[in-house]
Amino acid sequence: MSDTKVKVAVRVRPMNRRELELNTKCVVEMEGNQTVLHPPPSNTKQGERKPPKVFAFDYCFWSMDESNTTKYAGQEVVFKCLGEGILEKAFQGYNACIFAYGQTGSGKSFSMMGHAEQLGLIPRLCCALFKRISLEQNESQTFKVEVSYMEIYNEKVRDLLDPKGSRQSLKVREHKVLGPYVDGLSQLAVTSFEDIESLMSEGNKSRTVAATNMNEESSRSHAVFNIIITQTLYDLQSGNSGEKVSKVSLVDLAGSERVSKTGAAGERLKEGSNINKSLTTLGLVISSLADQAAGKGKSKFVPYRDSVLTWLLKDNLGGNSQTSMIATISPAADNYEETLSTLRYADRAKRIVNHAVVNEDPNAKVIRELREEVEKLREQLSQAEAMKAPELKEKLEESEKLIKELTVTWEEKLRKTEEIAQERQRQLESMGISLEMSGIKVGDDKCYLVNLNADPALNELLVYYLKDHTRVGADTSQDIQLFGIGIQPQHCEIDIASDGDVTLTPKENARSCVNGTLVCSTTQLWHGDRILWGNNHFFRINLPKRKRRDWLKDFEKETGPPEHDLDAASEASSEPDYNYEFAQMEVIMKTLNSNDPVQNVVQVLEKQYLEEKRSALEEQRLMYERELEQLRQQLSPDRQPQSSGPDRLAYSSQTAQQKVTQWAEERDELFRQSLAKLREQLVKANTLVREANFLAEEMSKLTDYQVTLQIPAANLSANRKRGAIVSEPAIQVRRKGKSTQVWTIEKLENKLIDMRDLYQEWKEKVPEAKRLYGKRGDPFYEAQENHNLIGVANVFLECLFCDVKLQYAVPIISQQGEVAGRLHVEVMRVTGAVPERVVEDDSSENSSESGSLEVVDSSGEIIHRVKKLTCRVKIKEATGLPLNLSNFVFCQYTFWDQCESTVAAPVVDPEVPSPQSKDAQYTVTFSHCKDYVVNVTEEFLEFISDGALAIEVWGHRCAGNGSSIWEVDSLHAKTRTLHDRWNEVTRRIEMWISILELNELGEYAAVELHQAKDVNTGGIFQLRQGHSRRVQVTVKPVQHSGTLPLMVEAILSVSIGCVTARSTKLQRGLDSYQRDDEDGDDMDSYQEEDLNCVRERWSDALIKRREYLDEQIKKVSNKTEKTEDDVEREAQLVEQWVGLTEERNAVLVPAPGSGIPGAPADWIPPPGMETHIPVLFLDLNADDLSANEQLVGPHASGVNSILPKEHGSQFFYLPIIKHSDDEVSATASWDSSVHDSVHLNRVTPQNERIYLIVKTTVQLSHPAAMELVLRKRIAANIYNKQSFTQSLKRRISLKNIFYSCGVTYEIVSNIPKATEEIEDRETLALLAARSENEGTSDGETYIEKYTRGVLQVENILSLERLRQAVTVKEALSTKARHIRRSLSTPNVHNVSSSRPDLSGFDEDDKGWPENQLDMSDYSSSYQDVACYGTLPRDSPRRNKEGCTSETPHALTVSPFKAFSPQPPKFFKPLMPVKEEHKKRIALEARPLLSQESMPPPQAHNPGCIVPSGSNGSSMPVEHNSKREKKIDSEEEENELEAINRKLISSQPYVPVEFADFSVYNASLENREWFSSKVDLSNSRVLEKEVSRSPTTSSITSGYFSHSASNATLSDMVVPSSDSSDQLAIQTKDADSTEHSTPSLVHDFRPSSNKELTEVEKGLVKDKIIVVPLKENSALAKGSPSSQSIPEKNSKSLCRTGSCSELDACPSKISQPARGFCPREVTVEHTTNILEDHSFTEFMGVSEGKDFDGLTDSSAGELSSRRSLPNKTGGKTVSDGLHHPSQLHSKLENDQVIIPEAAFWVLCCQ
């Protein structure tokens, strides 16, 4: 026994012509016995290139370049290395085997067979065999050679040497003596090499005929050529003889490329196909034997019997045989995967160990054993004769047959071989086939047909000579007999005229194509014409005497491919351009009624791809330019690291450019490969469909097959490779009365095999009971269909960066690019944390695998280590599924690095029946919840940042859900209703407005909103006459109101105007919506500007669709002969037309609650909310929701959506003094006197309503960076005072009190895309696959429309990412958490985490952080900055030289924006205004005025000294540690001081329309008092002025608000210019002469030259200064009277009329005091206050103290007994000022009672 391993040789073929033309790179290299496979460049990325793979084999044959003689291995070298060794072993008596393995086209047949000039391994071995026999044969040694030739196709064995063998399959049996064998296989005796050559040639012809008749691809069949060598040894002396029998098996395996595709073989086997079962099993056998040889599984089962091939090769694989394997590979880079698979296959095969023994004298032993077995069987049979055992009888017949074969003499074998050969020749002659050795070597004067076949071994093998009159058909009487699909008994006739002309005349209903064109009449043939008969019989005609005419040659050279050489075609019979592929492609192109439909597809895709690529690269370039510009501006020279600032910029830009270039190259290569694949698939699909339709039609199966297009499931995932074509052909299967099925190309391939077998049995009229495939079901249509992919839902995992749960209804995107329902999922982080960046341990050798991960904060310190992260995935339910696929719906997904897919099964309730309505949408409930523990690596972080969890949703068709007619739409449930369409492009937002007034506690409180039936604005605001007011505006989205990713980022401006008075009796009220009052006048306040625009766009789209449908219906109706497809198409068009009419009605009269914009409201709004919902139309691009222009300023959305009575009205911009941190809300100061409207200055009459319009401009960050103008009409009632009765009633009333009114806006981004599509996606895919070139009304073909639509899947995924990111951000804002950055991306903004940085922000960073910090936290540094206002949109930014500055204006941003936390990487698209779209949109803002008059900053210095105490000593200002952050260093302090100086010295921009207003310079208030040298006995340290982060803006309303007191112009009496100047001068002089102290006079600007009247002057002089005191004031704490305010100070304060309150604390209390603005109150005002507080306890009454007698001492004593808690919350308090005209009353008595609710100090002269 000889134990030897299988010898394995690898041979690499030369590049073929296609690879040379494509300049494909060679990836295979051979050195000695090593083969090196390099990864192709297109499959690798820079920095992660795969290492080359090295394999070692017994032999490596380099056959790439014949010119390299030292390395080149030709056919002779291959034979010497493999053939000679095999032959030697055969002569020694061992069994031997050579099998060739490799993909189709890798050179297997060439290596095994070769051709005439270069013979292959088999001919050389046979030739050497007979040469050696002739040398060694003598008297004592004789040789006998027998051959058999069989083919294994689809697990069936056919005898290629038996004329009848090609029509019937043979059975494989296994005998305990002989082992596996083929029952009935011809074993013919040969005596010479010529006999073998002849038999192989005739066997190949039989193989070709059979394959052509059945349209089988020979590359999928295995050919086994067996040579049995029998040596008989005679001992001349003793007369004994012995035999050695060896069998040499030469196996040409099928193409292996299909096995290399992962999962493909398994899928096909599941579908019941046997195409590659033999190869798959062969791989398993080789693996099992290799494991056995390696000692891994000694008892491992080897599945020999799983396929016919491995069963027959059992001895050759791991048994009694010397085996060699030759693996053929391609050197091209585009065959890398197939080559790698082949090399791995061969690498495992070389480990197999065989146990070969010499088969010496087997015959005698075998015959003896067989005879003993026969006797034994006869005995058993006789004993069991009564039982009539059929098994024993069959076994007996089998053994007797074997004995008979073994005892046949050599002479009888030769005679039998001769008989079979003659019968085979007669059969070929009857079919018209030439019996020449080589079919192409015929006489020059003969006309003949030569076959074309995809297999080079079978191509041009059959030659049919033409007579003068040749008949072609399936009947036995025809000259050329053809069998197969589409061949009629009498198919056509070919006639040769006397002058040499050859013509072809087809018969009726007989398909004949010449050069790809279907011919129906007599057609002249020329030399080289390609002829197709039936479905798959391709021939080329050779007419040596009839060359093409010169003019025809020239014409073809001009129009045809340039490489066609017709002269060569006429002289050489094997013209490469006229091969099988050329002829097949030619037929497909012509049959599809198009010059080149596939080329159309390719051209459209290429065109769109190039446009996308160009725009993407341009956008990339602009983005890098913007980033570089930002870096230059933000990293100013004094702040850059001195080491490598510019170098880093240059390096990063260079690296970025390299990445962009590499990305473009990879994408181009991927796109090119995808185009080639799509072309191949389309050709293949059309070929298969044509054959399937032939078979179905001939067998009357009433089934129709059509090629359609669909998106591959892999491309519906957001993780797919960009650049690949997102479309593939699919097969739509339709049968009358049944539902439509969609098959893949592979599935149809598998079904076709069964169809052919069934067709063959049907043709041979095999009885139904014996039909093999009748038991396996109908291959034409699946009665029990497998599951179908409904769609893929992509869940983006950015929520794992934040500790927030993502609850979202993810759209399920179908393979037509439509939403086929929604999957409700939850994704959350259970445990663990996401690090900002992954830090690798340098000490570890393999840190990336060690799992040592650290969470690093922004300062670089390690917080804690984390290794694991637990994620939870929940699938709740699927809604809106198409009914026809809603039977047993399940989900399947793979999370991150999980090896196996997770399946989520539905919750099945047997009591709930399935809906049977055709248009119903189905809901499936799941209870799936699973936790995943993953290692947090850089790859995982990149995955959750950029990738998605792709959940596939599968379903089965509902039983009985069929239709009685052909259907496309009728079974396709309409899941996209109008509500669904509009829901994706709409979102509602609410705008709430409340008005605040000063209350008795000095706080701004919301005024009441009274409901009234005649007012539909939400209510009437009750405003006190003459009070200071504020307007608070809040904008927030409405949850579950649509899926448009809308996010309001900030309120930019608030303006108010359009004051209108309406009588409740005579006129109808003004509202913010449409009213259908029958008794009103024609006045209508509802704006329909945007709604009309929406309806107009919608109507235009419907009109286009209607015109298209009319045209199509007319076209189909005018056809005289309508096919079934035409009838179906007409019914479908009419159905669409009816649906279009319904949609048209929905445009004009939408049903209430239908979700269509403009639909009547059918809801009960909350109190204060308007009932009807106005529409705002953004008019964005439907593909990516981008704006065509910058929607800012005068171009902002909603600017022109004016309300009635608004046009021409005057609006006043209100200075915004505060933004909310928790929501999008802004508070603006409102002085109603600027309107100069009598309706706002007087008390409103009983039957009158005052209406105003509040106009708010908000900044949207999503769906696009833009500005949006919102309007709300409000109603107001001005009253003077509440009576005691009214006050009492209000306090004891149980009614709910409302304080705000609102309006809900419906924001529409664009018209739904589905509305604009002329055909539904499924029909469009069919029309595109048919390649109908007729254009639509817009000039686009169907294929262009379909590909354009399919390529937008990427846009769908991008929008979905945006929607989910908005959902995450809304969830975060609900939790009121800061969004932190979770990835280590460069953060040039956050240069320092310990100080504010104003220099690093652009113009668009207008100070709208997501969560603003309180200004008071840093008031020590910013208290002298009066306010951080915002600049107007069009204000110029100028530097010191006067030119426009590129750096952002200092006042445009809150100084603490640098402290707002940076968002994670995935939130970049969420902040287009702040991050991505800088320098594009200017936020609207208002400036500070008269800043040049502001004094230098003083109070910001912690060391600032103010007068304190009675002794005149100074003490430093101490700041409250709870409300501020201390400055860490002098450097920061100096920097902030410089910033303050810059802020104060900036020149503001004054809008022209506000230039005439008076200016109140609040910056002077409380400034000069700080430096006063007056000895104030009760004074204490003044508290800092700035206590919040207000954004007080400009003088736009005619006045200026102070930052600390929040007082406005209305807080003081504003005299006219002359008098005020005189008054100011007088008071200044008086103060300076008495105390030499700067007064508190405000610097008024003269508004006019009008002087005060005497009455007004008197009023000013008689006004009363009342100062509210705080809880911790001196009076409240009971300070001794000795520390009271000197009377001279009181006089001074009274004269100036501009005093600030003094909040004096005991010196032991370190809490800083707080300054207050003066409040001037008339007697009337005081009386109102007293009436409002009727329930309080009055002080001083019981003690009999009067107002005049209230001294300083008593006042202090009084305050010590009756003190009030401070309810201002540490904030400054101010109140409104009465109009000067109201100051007409004087004190009527000297005694005024002071209520407990507010203590007052009367300061008068």
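Even glycines carry a Cβ here, placed using N, Cα and C.
Just one residue in S1337, S1529, S1593 has phosphoserine written against it in Swiss-Prot, and it is S1529.
Ranges compared are 36-55, 556-575, 1436-1455, 1676-1695, and Swiss-Prot records region 'Disordered' for 556-575. Range with Swiss-Prot annotation region 'Disordered', chosen from 1065-1084, 1385-1404, is 1385-1404.
Sitting within 8 Å of the Cβ centre of G102, Q103, T104, G105, S106, G107, K108, S109, and not among those site residues for ATP, are the Cβ atoms of R13, G255, T328, S330. All protein chains considered, the CB of Q103 (ATP binding site) has 24 other CB atoms within 10 Å.
Within 10 Å of its Cβ, the residue among the recorded positions T104, S106, S109, S1287 with the fewest other Cβ atoms is S1287. Comparing local CB density within 10 A for the binding-site residues G102, G105, the maximum falls on G102. Distance between Cα atoms for Q103 (ATP binding site) and S1287 (phosphoserine): 96 Å, as a whole number. The binding-site residues recorded for this entry are T104, G107, K108, S109, and the Cα of T104 lies nearest to that of S1287 (phosphoserine). Highest local Cβ density among the binding-site residues G107, K108 belongs to K108, counted as other Cβ atoms within 10 Å over all protein chains shown.
For the coiled coil (1518-1547), the mean pLDDT of the prediction comes to 42.
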